[in-house]
Amino acid sequence: FRPEGGRVPGARRPEAVGAAAMEEAAARNGSGAGAGPPPAAPRPPATPEGMALAYGSLVLMALLPIFFGALRSVSCAKSKNSSEMPETITSRDAARFPIVASCTLLGLYLFFKIFSQEYINLLLSMYFFVLGILALSHTISPMMNRFFPANFPNKQYQLLFTQGSGESKEEIVNYEFDTKDLVCLALSSVVGVWYLLRKHWIANNLFGLAFSLNGVELLHLNNVSTGCILLGGLFIYDVFWVFGTNVMVTVAKSFEAPIKLVFPQDLLEKGLDADNFAMLGLGDIVIPGIFIALLLRFDISLKKNTHTYFYTSFVAYIFGLGLTIFIMHIFKHAQPALLYLVPACIGFPLLVALAKGEVTEMFSYESSAEILPHTPRLTHFPTVSGSPASLADSMQQKLSCPRRRRQQSPSAM
């Protein structure tokens with residue numbers, strides 16, 4: 001959780017909040033003496049109402065992608081469409097993730113120190129412009145489908161890239177979409193152009209929410225032990241890079257990309273042109289979010305028609321985020337949110353499991369087993385007509401082609 005400013009999307013020159021902000025403003029005002037126009041007066045502190053609105057909005061925006069992303073992760077796990085299959089994080093991936101994240105963070109810090117910040121942010125803006133459009137289109141597609149009339153001319157398309165020929169042919173890209181997806185893509189492109197031209201904080205938040213929801217939906221932990229490894233490693237990562245160095249704060253203030261949710265603390269005074277922001281990194285949403293989504297799938301696997309562990313972890317996240325804001329407000333310093341979120345999101349469900357005697361079931365649950373757990377997964381449905389003998393022959397031919405990959409969506413039987 002970062003209260004500091006820097007170059008935040010949507011702000012012409014946003015400032016930091018709290019004691020650290022006042023020191024930064026004082027240094028900036030002093031350095032401008034005797035050269036150019038007189039420095040601007042220090043920004044007045046945010047009002048209690050403005051701070052309450054900003055922090056309350058950040059909490060609400062953090063909860064939305066976790067809640068809906070967890071629900072969508074259940075149907076995503078049961079999807080037979082390989083283009084929508086989730087990426088599974090194993091224990092090895094979880095152990096390596098803090099190291100990879102640290103190298104990436106340090107690399108960005110060195111880039112900002114060595115090269116021009118404007119050129120780096122231009123490249124990053126173009127990169128996140130494309131990713132943001134795709135993520136937002138995928139996010140709004142289920143909602144937009146409800147608004148299309150029944151007689152809407154919806155045509156199917158397929159983007160296919162292969163290499164090789166014959167039995168050695170392999171699919172590189174096989175993406176299926178329809179006319180409704182193209183409409184969603186066009187609407188998302190409007191937001192993308194708005195963000196690219198204006199860097200407005202609302203456009204930034206739309207992309208940030210889309211990234212968060214897609215992350216919670218499509219990134220799956222394979223079991224609770226892996227989740228504990230990932231959260232524990234990032235707990236140390238977050239604490240070290242926030243309290244041990246100024247690297248994370250510097251990168252957060254220099255990075256012009258929708259990797260954080262922001263909300264102005266002076267919205268009541270300046271309206272949509274407000275530029276005094278509080279912010280929350282997307283990692284503080286996605287990382288606990290994928291663990292909470294795992295617990296929802298565990299609840300469903302118990303077949304007790306209750307979502308005890310999901311709601312417990314969800315309340316734990318609210319508690320941890322509220323504690324982060326409280327500590328940040330007291331000490332006037334950026335706080336590593338995972339310092340408070342990780343113990344809450346792991347500890348609360350574990351206490352519930354101990355009370356219910358389900359610790360063994362929790363740690364033995366495998367997320368990959370939730371897809372038709374008692375039957376083999378049928379990855380291809382052949383389209384044949386004729387006698388049962390011809391159907392059997394067709395199935396045998398399909399099974400005799402080991403190099404052939406599964407199709408993207410089952411055809412009608």
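In case you wondered, yes, glycine gets a Cβ from its N, Cα and C as well.
Copied over from TrEMBL, here are the features:
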COMPBIAS  16-30  compositional bias 'Low complexity'
COMPBIAS  36-46  compositional bias 'Pro residues'
REGION    1-46  region 'Disordered'
TRANSMEM  52-74  transmembrane segment
TRANSMEM  94-112  transmembrane segment
TRANSMEM  119-140  transmembrane segment
TRANSMEM  218-243  transmembrane segment
TRANSMEM  277-296  transmembrane segment
TRANSMEM  308-331  transmembrane segment
TRANSMEM  337-355  transmembrane segment
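Where the transmembrane segment (94-112) meets the stretches 52-74, 119-140, 218-243, 277-296, 308-331, the count of C-beta pairs under 8 angstroms peaks at 218-243. Outside the transmembrane segment (218-243) by six or more residues, the chain places 73, 76-77, 86-91, 93-95, 97-98, 101-102, 105, 249, 283, 286-288, 290-291, 293-295, 298, 334-339, 342-343, 345-346, 362-368 with a CB less than 8 A from a CB of the stretch. Per-stretch counts of Cβ pairs under 8 Å to the transmembrane segment (308-331) identify 337-355 as the leading one among 119-140, 277-296, 337-355. Long-range contacts of the transmembrane segment (337-355) within the same chain: residues 1, 227-228, 231-232, 234-235, 237-239, 280-281, 283-284, 287-288, 291-292, 295, 308-309, 312-313, 315-317, 319-321, 323-324, 327, 361-362, each at least 6 residues beyond the stretch ends and with a Cβ under 8 Å from a Cβ of the stretch.
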